[in-house]
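So the structure is just underneath, and the comments pick up after that.
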Amino acid sequence: MSVKDDLYYSEDHEWIREEEEYLLIGITDFAQEELGDIVFVELPEVDEEFDKDDSFGVLESVKAVSDTFIPISGRVIEVNEDLIDNPELINDDPYGDGWLIKVDPADDSELDELLSAEEYAEFIEEE
Amino acid sequence: MDYISNTPAERNKMLKEIGLEAVEDLFKMIPKEVKADEQLNIESGISELELMRKAQLTAKKNKSIDQQISFLGAGAYDHYVPGIIDALISRSEFYTAYTPYQAELSQGTLEAIYEYQSMICDLTGMGITNASMLDGASAAAEAVAMGARISRRSKVLLPDTINPAYREVIKTYGAGAELEFINLNSEQEIIDPSLIEKEIDASTGVVVLQYPNFYGSIEKMEEISKIINEDKKVVFVIIANPILLGLLKPPAEFGADIVVGEAQSLGNGLNYGGPNLGFMACKDDRKMLRQLPGRIVGKTKDVEGKEGFVLTLQTREQHIRREKATSNICTNEALNALMATIYLSTMGKTGLREVGEQCYHKSHYLAKKIDQLPGYEVANKDNFIHEFILKVKNKKSNEVLKKLIQQDILLGFDLKRIGQEGILVCVTEKRTKAELDKLIEKLEVL
Amino acid sequence: MEEKLIKDYSSPGRKGYSLPPLEVEESEFNSELSDYLREDVQLPEVSEVDVIRHYTALSEMNYGVDSGIYPLGSCTMKYNPKRNERVARIAALSNLHPYQPEAQLQGSLEILYQLKLDLAEISAMDEITLQPASGAHGEFTSLMIVKKYFEDKEEKRTKVIVPDSAHGTNPASATMAGFEVVEIASNERGMVDLEALAEALDQDTAALMLTNPNTLGIFEEDILKITEMVHEVGALVYYDGANMNAIMGYAKPGLMNFDLMHFNLHKTFSTPHGGGGPGSGPVGVKDFLAPYLPKPVLKKDEKKYYWDQKRPKSIGKVHSFYGNYGIMLRAWAYIKTVGGAGLKKTTENAVLNANYLKSRLKDDFELPYAEDSLHEFVLSGSRQKAEGASTLHIAKRLLDYDQYAPTIYFPLVVKEAMMIEPTETENIETLDHFVETLLTISREIKEDPELVKNAPHSTTVRKLDETEAARNPNLHW
């Protein structure tokens, strides 16, 4: 189970990658492993705004439903449309093609409250 | 007779294993205040012979419809039920099975449901069907609730040409979902499309229509469909009678988003109105599918690549999504769906159409003859398939009904029950020419 | 697949039906109606023998209570007596139209009335409606009664409390009735946590929904305290009757001060499940809630039985007609056959059978709650999971041994849950065989976990790909 170095993490098992113009958000390898084969993804509309920790979407495996929680406040600028027909991308490549949304953050300083890769690795060790 | 196999000696052996002296000790955690200290006030058990005697004697106080000539319909229909249906569903592997949660040991039930879904899709023209609903009325109510969820609007147009029992159930469910209902009153036996045009607005989420409607007539489906489909957000629910869909165009052709109805007419007997069989179909659209209540069976493959069937998309259902489920439905009408499946297989491509045609020709034969009698009028003229409103002039309709009952004829459903004039008369393929002629003769001399 | 689809038997022109000749002259379809005629349907063209062979073949790929033990927890899969079927098939009891005059139905109404009285006696409720067609339908009906009751009192109550061990239908029914669901955690003994309950209860609470014994098979000892606490804030207490087979003749929901409840005739009263339905879910209420019952309500005066339609405070109808009458006939036949003392004996043996299984299995499987239990109990497959095969694998392996699996992964409060309810109709040999099989599987996991993980091996199909089924739904031919 992999934890990537250059990302921020939340205790709800989301990762955040800082890009130049936006933040990229997905779920971690640990989370996809726990969920099992994902069969359905529900994502927000572009331009929807969320406060930190709001539920912004739903991931479903055959026998379970999980809400996804946004680790940072902001506005959705793009969603990963490929997931609608190919939800398995999340299982196959959680840190890459399986990303969920791009967000324009309301307050960059919220990033400081997130976990580092090392802290997240410790966190899942305890879970 | 209590159906318990274990003998007192065996029970003692089991108690010993558990480490208890007496069977009462198993219940010692129940506080004495809530204990039923006396025996249940229900008579002692009886043997099969006594039971059958008791049941037969009680049954004598009934008069079943095979002891008279029945023209009753109004939502429960007396069609021919092929004998093989009871023979097949009585196979205990079907009959005594639970919901097919362990797919590998339930392939019979699952494959039959897949066939049922396929045939309902064929009849309705819709892309997706669930495994059944409790009855026609609750299926209609759940369709309305589903429509409101999809459209995110709470106003529902409800014409009075819909079965009044369905309208009541739709309203009961609607009170839970806090929907607003607009009743549309028909002038004749069909609804005026301009009424719908007038009432439909930006808060309208759902429009419901029955096909054929409660009075037996076909609404101006094309015209109404155009009005409804102008606003893509409005969900169009059509309540259809599936046995007539061998003859009539599928509701999908009128732009239905959801099609529901009562499939009791398909190979299920009357049983005093239950168990019935609700069916529910929707457009082949992922968004719709996500909102569909009830179980759904899908085809897939096993680890060796062999085709098989499973319950699928279960995350919509209560056992997984709990308070966020699309419905609370769990137990459905699986065995009745199996009966409908066997019926449709047996009647097949030509049989279902022939049933529809016989209903049509026989009911129109009767209607024409009655219409010619002085003092009677068929309100629908010739716009009906197998059910029409008979209006009685110069006489009270309940007296006509009463007099005919004395002569072993059930003329139909008295519309007085819903505050209207006339008698709703239904003719199925089961009625013979002799029976129709007998009715005509009796009406003439009344 | 093992047996091809019925459509694949189709051969153009083949027929499996015959109808009498039309006899009457044909009527033209007027110009408007003829626009509504369809070209054709794609139904199969098969012979009667094709139909018989096909569905017989399908039945052979199924498993019912008549095939063997069916230990699904919370489902009460007891033997379905054949004499009940004979009663339900008496023509003068079954071939009845719902709109026939009541004078022609006095026999049937008498049976329904007796059923009502017996259900009231078993539950200590005052009035019964037979209209709901399933357990969940009964729950929804009950919650609409609760809603209407408070509307009538002009009290705005928005919340329904359910324990985390509740059946999924409970929260789903509450949502359908327009309530907000508040879930409360169970305590370490598997019972309602009184502190959590106290915290959740307030003036917004409309009802608490409770199963007793709960889904762990454990009787809520503090039940009188619980119902008192709920009543103190002016809310009602609803009894989910799924587990009535544990208490019949020993305890009554009415005596526990529940205000309303539903029954499952297809569980407690032996009617067949038919592969998922039909069922029947009558609702019982205390007198003060009777005005709100769905209409019509069955009544009796000196001369006759009749449907009372004048119910101004009724929640309205929940079913087209009177509910699943055919199922009620079977339940009536069952109660008459077994009798009052027999029902109590039924409960005793259901509880004895469950406790015997628990006693024999508790050393080899983890027992998460040591509390005494009644008609069902919950084991955890955690130990086996650590050894390499989960509860799902154990369930699938049971199928290889020609036995049905328990309810698995429910209740949600137990990890790797196996919820076992043998019912009273299984004999000791069957119970012993079930125990031996589970012990064998437990041994297999130690010796060769792959064997169990890849189960089932001997069923008509092997483990099916549910992921593919959900990702790319194929829902009709």
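Each Cβ is built from the backbone N, Cα and C atoms, and glycine gets one as well.
Among the ranges C:1-20, C:21-40, C:381-400, C:421-440, the stretch that TrEMBL annotates as region 'Disordered' is C:1-20.
Long-range neighbours of the region 'Disordered' (C:1-20) within the same chain, counting only residues 6 or more positions beyond its ends whose Cβ lies under 8 Å from a Cβ of the stretch, are 42, 44-48, 50-51, 54, 57-58, 61, 460-461, 477. Less than 8 angstroms from the CB of C:Lys267 (N6-(pyridoxal phosphate)lysine) sit C:Cys75, C:Thr76, C:Gly135, C:Ala242, C:Met244, C:Asn245, C:Gly279, each of them six or more residues away in the same chain. Broken down with DSSP, the domain 'Glycine dehydrogenase C-terminal' (C:347-447) shows 51 helix, 11 strand, 39 coil. Annotation note: C:Lys267 (N6-(pyridoxal phosphate)lysine) sits in a coil segment as assigned by DSSP.
Taken through DSSP, the domain 'Aminotransferase class V' (C:144-274) splits into 37 helix, 29 strand, 65 coil.
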